[in-house]
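Listed in TrEMBL:
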ACT_SITE  Pro2  active site, schiff-base intermediate with DNA
DOMAIN    2-115  domain 'Formamidopyrimidine-DNA glycosylase catalytic'
ACT_SITE  Glu3  active site, proton donor
ACT_SITE  Lys60  active site, proton donor
BINDING   His93, Arg112  DNA binding site
DOMAIN    240-274  domain 'FPG-type'
ACT_SITE  Arg264  active site, proton donor
Amino acid sequence: MPELPEVETVSRTLRQLVIGKTIADVDVRWANIIKKPDDTEQFKLELIGQTIHEVNRRGKFLLFILDDLTMVSHLRMEGRYGLFQKEEDLTPHTHVIFRFTDGSELRYQDVRKFGTMHLFKKGTEEASLPLSQLGVEPFSEAFTIDLLQKAFQSTSRTIKVVLLDQKTVVGLGNIYVDEALFRAGIRPERMASSLTAKEYERLHQEIITTLQEAVDLGGSSVKSYVNGQGEMGMFQQQLRVYGRKGEPCLTCGDEIQKTVVGGRGTHFCENCQN
């Protein structure tokens, strides 16, 4: 599933491709992707004539800012957007097509069909599901050590589960939780409330640093991820534990382990993480 670095990269590339374009038509080929409104014809009618003014990110969601609407899109496991000319053949698994007045098309492709799209009156999206329950952005001033500590001390869950739930800090998924915890020297299956003051400081810093480095390298293409221009990310070359089960730790040489925490496959080094 694309996490913050991948979604941020997609939003940046889409800005270069679609800002200023006006929607002439919408072709919905898989209705289950459209969550709001629940009628695909209404979804289409509301979008026709709208111009895209900005493409932003909130957590793992893409926000297309239009004249008086905001379309909130979640890529889920394997969703992707690409800009095409109308004469280009449709690629497999194309489920929604936004046709622009200039003859180009923004196509949403999704092998798993898990992606979602919601339409809101512009300015109301943050107060509505799915955005209303999201935590703070990790690059914002609101993401503090104190916030992390309060969230962890008030729960009986493991560290990894708390970081994955998006209600404290957004954008972290399986890849970057494993990587940030490794860099901070903290075992993922520990109880969140067990951290020391120094561990809170390290984890807070490594969440920010890991995500920023991944954004700088265009995200991680560990499966099917590509950005809005069809380009792969490069951070997968920097992964220290994720996807490296059985390989030597790049820090100490011990074998990278894999376990299950909160139902998620989890990678760690027994020697480097406590």
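Every residue, even glycine, has its Cβ placed from backbone N, Cα and C.
TrEMBL feature annotations superimposed on the structure.
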residue	record	contacts (Cβ under 8 Å, 6+ apart)
Pro2	active site, schiff-base intermediate with DNA	Val10, Lys60, Leu75, Gly79, Gly173, Gly219, Tyr225
Glu3	active site, proton donor	Lys60, Gly171, Leu172, Gly173, Asn174, Ile175, Tyr176, Gly219, Ser220
His93	DNA binding site	Gln109, Asp110, Val111, Lys113
Arg112	DNA binding site	Arg76, Met77, Glu78, Gly79
Arg264	active site, proton donor	Lys160, Leu164, Asn174
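Taking the Cβ of Lys60 (active site, proton donor) as centre and 10 Å as the limit, one finds 22 other Cβ atoms among all the protein chains shown. According to DSSP, Glu3 (active site, proton donor) sits in a coil region rather than a helix or strand. Under the three-state DSSP scheme, Lys60 (active site, proton donor) falls in the coil class.
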